[in-house]
Structure formats: structure tokens, C-alpha cells
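Single-structure report; data block below.
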Amino acid sequence: MSVNGKVIPHTPLAVDFWQVRKCPGTRLFFLSHMHSDHTVGLTSTWSNRPIYCSPTTATLLRLKLQVKEKWIHPLELDEPYLLPMDDIGKEKLTVTLIEANHCPGSVMFLFEGYFGSILYTGDFRYTPSMLRETCLRTHTTIDVLYLDNTNCDPNRTLPSRQQATQQIKEIIRRHPNHNVVIGLYALGKESLLVELAKEFKTWVEVSFERMQTLKALELPDVFTTEPGAGRIRVVEQSKICSANVHKWDKEHPTLAILPTSRPLVPFHPNVHVVPYSDHSSYQELEDFVSALKPTSLVPIVGNHVPASFSALLPRRKRHEILVPECVYMLSQPESQLSSSANTSPRRRQEEDEEEEEEGADSTVAMWFRDQDDSYRMKNETGRGV
């Protein structure tokens with residue numbers, strides 16, 4: 001499985017990246033959401049490093065991966081938090097979590113510190129309301145935008161999720177005597193299921209494992225594990241294959257629906273692929289980048305974004321990044337690292353001012369030259385990646 005995460009150059013930060021041996025200098029780990037391609041390497045044995053995420057993701061992290069409670073640090077959305085970046089609490093960063101409109105618990109991260117400002121979208125579906133978030137509305141410059149470019153293809157158009165939902169409803173209405181099987185991943189599109197249940201006044205049958213997740217998410221009571229109790233049933237996407245469709249249709253006339261932006265070709269008359277996507281369309285990405293005008297742009301998936309996006313970036317250089325020496329000096333054993341992370345990360349203005357005053361004379365800055373020089377050069381020229 002591919003890894004959709006990044007270690008952020010010139011910082012001790014990693015988002016959705018859990019291969020600790022490949023990033024020994026990383027101290028703070030952030031989880032954008034609980035899809036499996038963003039948790040590769042994260043298991044119940046995780047230790048010695050705090051994980052920051054939304055409260056919903058924290059709940060799912062305990063339920064699905066059994067990560068120990070002491071390492072999970074849920075942060076509320078839309079509120080700035082101050083986190084220590086070193087062992088002595090001298091260098092700190094501010095992080096704000098923003099709703100990503102992708103799946104339950106998914107967030108974007110806005111990081112602010114000596115490195116400037118970095119917005120990491122994780123997987124997201126853009127809506128104009130995101131720009132009205134206080135932290136983005138009042139922020140004049142995003143130095144680096146890490147962008148979910150999953151659907152970044154100018155030759156493909158995607159309907160809104162509301163439009164795709166209407167398409168699915170119309171398919172079901174045209175087949176009033178058919179059962180409906182919907183293929184989904186383990187997490188995501190729950191709002192679609194709730195809407196279909198209410199529209200067609202039926203229970204939605206799910207597996208026991210999925211029901212655990214749905215209960216943890218505290219969704220409306222439209223789900224059941226009782227076989228045959230409802231007209232709509234949810235299965236894993238991989239279960240929708242020729243053999244199963246033939247078997248289901250033989251037992252009772254059945255429609256299979258795949259709500260996905262992947263360009264799949266239906267292999268059976270009763271299989272319907274609907275472009276319902278939890279990722280931004282090309283046009284939405286263009287609108288987002290055009291509105292934010294980041295200094296540089298880094299794709300999260302692969303290494304390619306269309307050249308047309310470069311024209312949307314302002315012609316300005318990113319400021320030189322001076323990395324405080326204390327950020328990369330390990331003065332405590334790893335087993336003690338969690339102590340600083342367990343202190344409340346919320347802003348404590350008086351305390352911060354005292355610490356800054358005490359430590360101002362001893363700050364030693366250095367240019368962290370040995371990490372990803374090509375990335376630094378591209379950021380400085382403002383061209384992005």
C-alpha cells in the first residue's frame with residue numbers, strides 16, 4: 001500500500017508518516033484522518049512519540065488500531081494550540097486544525113513557527129466556506145501548501161457530492177423492486193448512507209465491524225446488522241465483483257452501486273459507478289490555490305501537479321529558514337519525550353512570554369543544510385513542485 005504522508009523538511013514534524021526509522025529527527029506526529037493509506041506503519045506498538053489529531057480520529061485510533069491512550073493527543077478544531085518542538089520548551093509552534101470535509105474526523109493542519117506558515121490539507125474536498133475559517137481569513141501568507149492532488153486532472157470533471165447523491169437516488173428509484181448493495185471503504189460516505197436510509201425509509205445493513213465504527217461516530221439510528229432487515233446493504237468495495245453480483249441477483253434482483261471518483265468501467269448491467277468523491281475536483285483545487293496564493297506548492301500524492309497551477313502562485317521568494325539548534329538536540333531519553341507533550345498545548349501567553357525572555361539570549365540559529373536541498377531551492381524561487 002502506498003504511503004500518503006510527508007516528513008516536512010527543516011522541521012521535526014511529520015503528517016501521516018509513521019516510519020520512525022526513516023525520520024529519526026521527527027518529534028511531533030500528526031494524523032489527518034483514519035484511512036488506511038494514511039496510517040501505514042502505525043500500530044498498537046506505537047510509543048515514545050505523541051500523535052496529534054482531531055477528537056473523532058482519536059476515538060477511531062483507539063478503536064481500530066488500539067494505540068495506547070498516553071500517545072494520543074486530540075485537539076479541538078478551529079482553535080490554535082501551542083506545542084513544544086524541543087525537550088526544553090524553548091521553541092514552539094502553533095497548530096490549528098481545520099475541517100477537511102473528507103471523512104469523519106478528517107482535518108487540515110495549519111502550522112506556524114520559525115519555518116513560516118504551512119498548510120497541510122491531507123485528503124480534503126474544498127468548499128468556499130473553508131476560506132472563512134478565522135485562521136485562514138486573517139492569514140496573509142501561506143509559505144507552503146501541501147495539497148491533496150488526488151483528482152488533479154484538468155480533463156476530468158466531477159459533480160458535487162449533492163449532485164452525485166441525486167444520481168444515486170435516481171438509480172434506486174428506477175429500480176423499485178431491487179435490493180441495493182453499496183461498495184465502500186471501511187470509513188467514509190456515512191452521510192450518503194444516512195440520506196439514502198431516510199429517503200427510501202429503510203434500514204441500512206452493515207457488518208458488525210462497521211457497526212462498531214458507526215456507533216463510535218454517534219450517527220443517526222438507521223443502521224442494522226440483521227441480515228435482510230433493510231433494502232440497502234453495505235459491503236467492502238472489493239466484494240462487488242462479477243461472481244457476487246450474479247449470486248445476489250439470483251437470490252433477489254439486486255443493484256450494485258460504487259460511489260467513487262476512480263475511473264471504473266461497469267462490468268455488469270446491474271453495476272453502477274457514480275462519481276461521488278470525497279476529494280476535491282480539479283476546478284475546486286484551482287479555486288482553492290487561486291484564493292490562498294501560497295508561495296509554493298507541494299503535492300501530497302506523487303510529485304506532479306499541472307503546470308497551470310504555477311501561474312496561480314505569486315512571484316515571491318520564501319524567507320530563509322533558520323532552524324533553531326535546540327530543535328535537533330536530543331537532551332532527554334525518548335522515554336521522557338512524552339512529558340513535554342502531555343502539558344496542555346493551549347496558548348498560555350504569560351508563561352510563553354516568561355520562557356521567551358529567559359531563553360532569548362541563548363538562542364542559536366543555524367541553516368539546516370543537509371535536508372532536501374532541491375526542495376529548499378524550489379521554495380526559494382517560488383515555483384513550487
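Yeah, the Cβs are placed from backbone N, Cα and C, and that goes for glycine too.
These come from TrEMBL:
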COMPBIAS  333-344  compositional bias 'Polar residues'
COMPBIAS  351-360  compositional bias 'Acidic residues'
COMPBIAS  369-385  compositional bias 'Basic and acidic residues'
DOMAIN    25-156  domain 'Metallo-beta-lactamase'
DOMAIN    271-301  domain 'DNA repair metallo-beta-lactamase'
REGION    333-385  region 'Disordered'
Secondary structure content of the domain 'DNA repair metallo-beta-lactamase' (271-301), with strand meaning DSSP E or B: 11 helix, 8 strand, 12 coil
Helix, strand and coil counts within the domain 'Metallo-beta-lactamase' (25-156) (DSSP): 26 helix, 38 strand, 68 coil
